[in-house]
Amino acid sequence: MPSSAHLQDPPPLLSRTLTQNEGQTSLRQSSSCGPSAASASESLSGSTESRIPHSKMLQGKLPRNIPLEYPAGLYCCYVVIIVLSVAVVALSVALSVKKTAQISTINTYAACPRNWIGVGNKCFYFNEIPSNWTLSQTLCKEQGAELARFDTEEELNFLRRYKGSSGYWFGLHRESSAHPWKWTDNTEYNNSVSIGGDEKHGFLSDNGFSSGRGYIVRKSICRKPNSYTSQCL
């Protein structure tokens with residue numbers, strides 16, 4: 001009779017066969033669990049993504065070269081800066097023009113000698129010493145001037161306004177009532193203002209421009225170019 005030990009122990013070949021069968025069974029069970037594990041992983045991933053804010057997900061998908069929207073306040077700042085810059089430039093230009101005009105005015109009127117009055121680019125002097133027409137012209141020449149003439153309406157209005165109630169000799173003369181009026185430089189008068197009377201020498205009176213006898217003594221008006229204007233020309 002064989003011993004009980006020999007009956008309990010399986011043969012070595014049978015033992016190896018059982019071990020291999022157990023391993024294959026274990027592998028099949030592991031494979032069958034594969035889809036379930038994958039589903040669980042995907043479910044976990046989905047739940048994680050659902051917790052991520054939608055705006056961040058979209059921001060991550062945008063290309064980096066596309067800028068985000070600027071706030072409206074930033075554009076307002078740009079507009080304010082541009083407007084202020086334009087205003088500063090305009091103010092600077094206006095101040096520069098005003099300063100230039102002031103300098104021009106100072107140069108026009110300040111270059112006349114003392115007691116002379118500047119009008120445009122001319123200087124006028126009201127001589128209060130009565131003299132005849134010829135002596136009055138001589139006194140004006142001694143100061144580098146001539147008996148006054150008017151070339152513009154501005155000068156004419158000035159003479160009328162400033163002379164007061166006295167009569168003043170000015171630079172018109174003629175040979176006779178049949179001849180044209182001429183200035184002291186012998187240029188012909190254009191008769192822009194009529195001169196009353198039949199005498200040979202012109203003077204400015206309360207009634208306007210009149211003619212008188214040259215030997216009568218009157219005050220006189222001298223005129224010469226503005227010295228600054230003469231230098232610039």
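Numbering starts at 1 and runs along the chain as displayed.
Quick reminder: no glycine exception, Cβ is built from N, Cα and C everywhere.
Residues or ranges marked as compositional bias 'Polar residues' by Swiss-Prot: 16-29.
Annotation comment: Swiss-Prot describes 30-50 as compositional bias 'Low complexity'.
The annotation domain 'C-type lectin' is assigned in Swiss-Prot to 119-228. Summarised by DSSP class, the composition of the domain 'C-type lectin' (119-228) is 22 helix, 40 strand, 48 coil.
According to Swiss-Prot, the feature N-linked glycosylation site maps to Asn132, an assignment based on sequence analysis. Every protein chain considered, the tally of other Cβ atoms within 10 Å of the Cβ of Asn132 (N-linked glycosylation site) stands at 17.
The region 'Disordered' annotation in Swiss-Prot covers 1-52.
Annotation comment: Swiss-Prot describes 1-76 as topological domain 'Cytoplasmic'. Summarised as a single figure, the pLDDT of the topological domain 'Cytoplasmic' (1-76) averages 51.
The annotation topological domain 'Extracellular' is assigned in Swiss-Prot to 98-233 on the grounds of sequence analysis.
The transmembrane segment annotation in Swiss-Prot covers 77-97 and rests on sequence analysis.
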